[in-house]
Structure formats: structure tokens, C-alpha cells
């Protein structure tokens with residue numbers, strides 16, 4: 001039985017030395033001196049704030065994209081023992097000793113380093129020579145802009161890593177299709193394609209461009225499979241379901257999981273939750289949850305409530321009134337009702353409290369048992385402190401003359417009767433008998449007499465003048481087709497009124513509630529709201545010193561100064577390798593011209609290259625050229641502040657196109673031995689120029705050594721580059 005022990009156990013393995021060497025060189029180029037500078041570099045000031053919030057479990061919203069990339073940066077901070085205590089307020093600020101700089105920058109650097117072997121493998125899987133693949137990897141290795149972007153706490157290198165991983169995985173899956181369909185490795189690479197695509201989208205929405213490209217390529221390949229008579233209908237169905245599972249269902253599930261982890265980690269209230277609905281805020285620990293915990297769920301006649309406008313723009317505000325009245329005449333000469341002012345006030349205040357009254361009864365307390373208010377019920381809203389009724393009538397609003405004035409009614413003994421009946425319409429109801437619920441219900445108040453809807457004015461700068469204390473205007477909107485969020489309100493704070501006497505009621509309005517009813521939102525409800533905020537929340541785009549247009553990127557007419565040493569001339573810039581960028585543009589142009597030439601010739605039944613070479617040319621163009629197009633052209637349609645680093649994913653694909661074109665030219669256009677020798681010599685000279693440019697600009701790629709004034713001026717190869725030169 002133990003005879004097998006007589007012979008030694010031998011394990012053999014094939015090691016691709018090229019791949020190992022490229023990986024090591026990638027790691028050295030990205031990890032060398034990673035802690036330098038020990039200061040905040042450019043957008044680290046932006047992402048660092050989110051990392052600190054993760055460490056402290058404080059909720060935030062970032063309108064730039066999904067949370068997966070932020071979580072990866074936070075993972076590096078967690079592994080380094082970061083406690084989140086650092087003030088991210090200034091580029092160039094020195095990191096304190098509690099900030100693990102190496103750990104914070106490690107994951108982006110690793111991702112950038114692994115892009116080098118990924119580029120090599122992609123060219124191999126596209127069936128190009130190992131020499132061409134090695135050239136592609138070396139071009140990625142020596143690209144100054146990719147090095148700079150991967151050495152700091154930024155997301156572009158992570159995005160490019162997952163994009164290249166998705167492309168490589170799909171190519172490996174496709175190459176296994178003919179001989180190993182449904183094998184273990186076939187499933188592995190197919191599933192990894194979907195996982196990598198979801199990760200790319202989860203880092204930045206720019207990853208969606210490559211995801212769509214791969215879906216289109218997969219769809220085209222499946223369309224060709226349909227025409228294969230050797231495949232049965234059952235086999236085609238299995239192929240379709242496998243691709244649907246791996247490329248659509250799993251990425252969707254993973255995308256949801258990113259938000260699930262994000263929301264599970266960030267359970268504490270913070271500065272960003274004010275833009276969320278009251279229900280979302282109440283689900284977070286602290287903040288609104290401390291105020292609303294234990295509130296009654298169902299609004300009843302006699303309830304004391306505050307009403308928050310759902311729109312939350314230009315800022316969150318609550319329905320409010322105070323003893324001051326509208327002026328008899330406005331500055332423009334128009335008259336008012338001189339009734340008590342009703343506004344939307346952006347701060348919590350005792351004058352935000354209202355009492356829900358039954359029009360058929362006089363009592364302002366909740367009966368026992370409480371009588372809940374339902375959809376369609378008629379109510380009166382009584383201002384808690386002044387006890388005047390919410391009213392609107394056919395008088396023009398102060399800032400919106402086409403809308404009705406909203407006021408609290410004062411009886412002046414003139415022919416202006418009270419019109420204070422409002423119908424409650426629950427917008428998000430499930431049935432017409434739904435009960436009005438605290439926080440959860442979104443309601444409209446429709447005026448019974450005029451059908452006007454209570455609305456927070458959407459006018460830009462709709463703040464009342466000094467007589468209205470600069471508070472926001474509230475109007476009755478007469479033309480209300482459908483509904484807008486500015487017409488929708490929700491009960492935020494709520495208690496059951498017990499005091500009929502006014503003085504006792506005023507004391508009650510200042511007191512916390514005691515009843516205990518939970519209002520936790522489901523994950524899907526929180527995800528839907530957060531996703532909508534990310535997609536619709538727009539920060540005011542301001543012109544940045546280093547912002548640029550998409551046209552500037554191709555010729556690299558712009559740069560970004562990332563960091564400047566406070567005393568010496570040492571500095572870091574996002575600047576590409578000029579030789580590589582020019583070569584990439586030339587390769588793209590040559591590919592386009594040759595493709596058009598071949599297509600015209602093939603139309604005339606003239607075949608300049610063999611069919612397998614043509615298929616290789618087309619497939620490489622679909623991946624590399626298509627990757628460049630989908631990651632670049634959409635920026636011409638975007639209305640946002642753009643920077644040079646937005647071009648890096650597209651540039652990566654364009655660089656991969658260079659060896660594709662060079663190998664094609666060498667194989668099919670250089671037919672004689674002399675031409676091939678001259679072509680090889682030109683490639684060596686060209687690659688030497690790429691290395692020379694890399695070395696020339698490495699001081700502003702790595703930030704060291706510090707350069708003299710003359711050396712810095714010598715680096716300004718273009719007048720549009722902003723190389724920082726200190727005044728002597």
C-alpha cells in the first residue's frame with residue numbers, strides 16, 4: 001500500500017517568465033516611495049473625507065458614483081489601523097502620524113501595477129505575438145500618467161484594473177468556447193467577466209461604458225452562434241441562460257450588495273443625511289432618529305405634527321408660521337390680504353408645529369381611541385402656537401403672482417371669509433383607505449374651495465424680503481397636473497396632543513414624545529432612495545483651474561498639478577508620456593484608414609490579407625478601438641467639470657492598439673527582408689524615445705528628485721502646460 005512513497009512526489013509547473021517579470025516591474029514602478037509625499041495630494045482631499053466617514057460609520061452621499069471604490073479605499077485605511085481622525089481640508093496638508101499613508105495608497109497602487117500583466121495577457125488572448133503583448137505591457141508600464149494616478153488614494157487605477165480584468169476574462173471565456181464549453185474553466189472566466197464588470201461599475205459609473213461594450217460583443221458572438229447548425233436548440237438555450245446569469249443577473253446582484261454593505265457600515269447620522277427623506281434619516285442612529293424615536297405611527301385628529309417638504313431644494317424646510325403678517329402692499333405696489341405669514345423654514349422651530357383638526361369638532365386633542373386620518377379625509381391645520389388656521393384664497397402670492405397666497409387666517413371683519421379646509425391625498429398610498437402615517441406617508445394638501453395644492457415655491461431665490469425674515473415662500477398652486485415633490489409633504493415629528501388649553505399645549509409642544517413605534521425602512525427602499533439621490537443630486541459645477549475639455553485630452557494640451565513641495569521645487573503633475581500619446585493617436589488613425597481601405601477593397605472582391613488576419617484585425621479593433629471610443633466619446637455629451645484623468649481608461653485601450661497596428665504593419669505591409677529590418681530598427685528607436693520621455697518626466701511623476709528652475713522650465717514642452725515655478 002505504501003509503495004507510492006518509494007518515488008518522490010514531483011510537481012511541475014509552467015511559469016511565464018515574461019508575465020512574472022512584468023508583474024514585478026509593475027509593482028516596483030507603482031510601489032516605490034509610495035509614502036512620498038507624506039501630504040494630501042490633489043483629490044485625496046476629496047476621497048479622504050469619505051474614508052474618515054467610513055471609519056466613523058457616518059452616513060454620506062457622494063454624487064460622483066456608487067460606493068464600491070470608496071469602500072476599497074476604506075478597506076486600505078482599516079487594514080492600516082486608521083481611526084478616521086484627520087481634517088481633510090487642504091491639498092498639501094501634512095499627514096499626521098495616525099494616518100497610515102502607505103495603507104491608504106496601497107490598493108490603488110496594486111491595481112495600477114496589475115494593469116501591466118493584464119495588458120500583456122489581453123494581447124496574447126487576442127492571438128497576437130508575445131512580442132506584441134510584451135510591447136503593450138511595457139507601454140502601460142512606462143506611461144507616466146497611469147503611474148501618477150495609481151500612486152495616490154484615487155479611483156482611476158482601480159477602475160482601469162477591473163475594466164482590463166473584465167476584457168481579459170471575456171477573451172479567455174470566448175477562446176474556450178469552441179473546445180471546452182461548460183467546462184469548469186469556461187464557467188470561471190464567464191463568471192469572472194460579470195464580477196469584474198460589476199466591480200468596474202461599482203467603482204465609477206464610467207465602468208458602465210466597457211460593460212456595455214462587452215455586452216454588445218457577447219450579443220454579437222451569440223448571434224453568430226445561432227447560425228451554427230451544429231448547435232441544438234437546447235444547447236443554444238443553455239448558452240443564452242449562462243450568459244444572462246453571468247453577465248446580467250450576477251452583476252445586478254453584486255451592484256445591490258455594494259449598497260447593502262455601504263448602508264450596513266454607515267448607520268450613524270451625519271451632515272449628508274439632511275438631503276434624504278425623513279424616513280431615511282429616522283433609520284440612522286442619532287440625528288433625526290433621536291427626535292423621532294417612539295413617535296406614534298398613525299396621524300389622528302388632534303395630532304401635533306411638523307411637515308417637511310419632500311423636495312428639499314434649495315434646502316430642506318418645514319411648514320412654518322409666526323405672528324407677523326404680510327405687508328398691506330408689496331414693493332411692486334400689489335396688495336396682500338394682510339393675513340398671518342406662512343413660510344417654509346429651514347430650521348427646526350416650535351413655530352413649525354401644526355395640529356390636525358377635525359372640521360366637525362372643536363377639540364384639539366386626540367380622542368381615546370385615536371381616530372386616524374385616511375386618504376381623502378378633510379382636515380383643518382391649526383398653527384400650534386398662534387392657533388390660527390392654515391388658509392388660502394384668490395389673492396396673489398408675494399413672489400409668485402400666478403399662484404395663491406397661503407396664510408393663517410385672521411378675521412378682520414371684512415368680506416374675506418376663512419377658506420381653511422384641506423383634503424389629504426396620500427401620494428404613495430397602496431389603497432384609497434390608507435392611513436396617514438408619520439414619516440412614511442407622502443401627502444398633498446388640496447384646498448377644498450379652490451383645488452389649489454399647498455406647495456413650497458420652486459422659484460430660484462424664492463426667499464421672502466426682510467419682512468418675511470428671508471424665509472422660503474409657500475403658495476397654493478392652482479394648475480397642478482400630476483404632482484411635483486415641491487407639492488409633497490411628510491410628517492417628521494409627531495405626538496398625540498393631550499392638552500386642550502393653549503398654555504398647557506405650548507408646554508406640550510416643547511416636550512418629547514414617549515410612545516414607541518419603529519419605522520425602519522427596508523433595504524430596497526433605502527437603496528432606491530440613495531440611488532436616486534446619487535443620480536439626480538448635482539453639485540454646482542464651478543470652473544476649476546485644471547479643468548479641461550475632452551478635445552484637450554487627445555493631444556494632451558492640459559495637465560494637472562497634483563502637489564508642490566512647500567519649500568523646494570519638487571512637484572507632482574498628471575502628465576502623460578508624450579511619445580506614447582502621439583503614438584496612440586497615430587495608431588488609431590492608421591487603424592481607421594487601413595480598415596476603410598480594406599473594406600472598400602473587400603467590397604470589390606479584392607482581399608489584401610488572409611481571412612484569419614482580417615478577423616484578427618477586426619476583433620482587436622472591436623476591443624481596443626471600441627474600448628477607446630466608448631470610454632472617450634460620451635464625455636462630449638456630459639455637462640460636468642472634466643479633468644485629464646477622465647481620459648485614462650480610454651487612453652489605456654488606445655495604447656493596446658499600438659502593438660496591434662505595429663504587428664499588422666510588420667506582417668502584411670513589410671514584405672521584403674530589408675523592409676522588415678528597417679521596420680524593426682524604427683520600432684527600437686521609437687521605443688527608446690518612449691523610455692527617454694518616461695525618464696525625462698519621472699521627477700514630476702514621482703515628485704523626486706527636486707528640480708531646479710532651469711530644469712522645470714525645460715519640462716514645459718507645451719505652452720498650455722502649467723509647470724509650477726516659484727518666484728525668486
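A Cβ is built for glycine as well, from the same backbone N, Cα and C atoms used for every other residue.
For 296-359, 370-427, the entry in TrEMBL reads domain 'MIR'. Annotation source TrEMBL lists transmembrane segment at 68-88, 100-120, 154-174, 186-203, 208-226, 246-267, 578-600, 612-630, 642-662, 674-694.
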Residues of the domain 'MIR' (296-359) by DSSP state, where helix covers H, G and I: 3 helix, 30 strand, 31 coil
Per-state residue totals over the domain 'MIR' (370-427) - DSSP helix, strand, coil: 0 helix, 26 strand, 32 coil
Paired segments the transmembrane segment (612-630) and the transmembrane segment (246-267) in contact, 3+ CB pairs under 8 A: no
Residues of the parent chain within Cβ reach of the transmembrane segment (154-174), under 8 Å, 6 or more residues beyond its termini: 42-44, 47, 69, 72-73, 107-109, 111-112, 114-115, 118-119, 121-122, 125-126, 146, 185-186, 189-190, 192-193, 196-197, 199-200, 203-204, 206-207, 210-211, 214, 217-218, 221, 623, 627, 645, 648-649, 652
For the transmembrane segment (246-267), sequence-distant contacts whose Cβ falls under 8 Å of one of its Cβ atoms, 6 or more beyond its ends: 53-54, 57-60, 66-68, 70-71, 190-191, 193-195, 197-199, 201-202, 211, 214-215, 218, 284-285, 523, 526-527, 530-531
